[in-house]
């Protein structure tokens, strides 16, 4: 029960962080402000020219994407105990959050889904091999 509650809180955190108007204000000043936009431009999901390789904030954001969704995978896995289903749930949620950002004046991008997936997959791989090692160890002890 605690794990599911923690999972829902984490999902809520991702939604708030992803949909608040300014990622910079959220991260540095803890400002949460929503600006609903009812006619988003869905083509913005395809933009790939806004990579700012030299921006420290850009890298902090992308690391945050990977970390947030990696943690989400671990929490979802702990809640439902199914690796592949957890992988699918987290990846679909990553896609949904990028689309939702468009409705709040944020820059939803498909490439961010890929960055989210890196975090999800790293957590998947770590959990898979840790669980596999635990099961093999337990079987050899029996």
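Here the Cβ of each residue, glycine as well, is placed from N, Cα and C on the backbone.
Remember, TrEMBL labels are computer predictions, not curated facts.
These come from TrEMBL:
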{"type": "DOMAIN", "residues": "31-130", "note": "domain 'VanZ-like'"}
{"type": "TRANSMEM", "residues": "63-80", "note": "transmembrane segment"}
{"type": "TRANSMEM", "residues": "87-104", "note": "transmembrane segment"}
{"type": "TRANSMEM", "residues": "110-131", "note": "transmembrane segment"}
### Message
For a three-state summary based on DSSP, what are the helix, strand and coil counts in the domain 'VanZ-like' (31-130)?
### Response
71 helix, 0 strand, 29 coil
### Residues of the parent chain within Cβ reach of the transmembrane segment (110-131), under 8 Å, 6 or more residues beyond its termini
45-46, 48, 62, 65-74, 77, 83, 86-87, 90-91, 94-95, 97-98
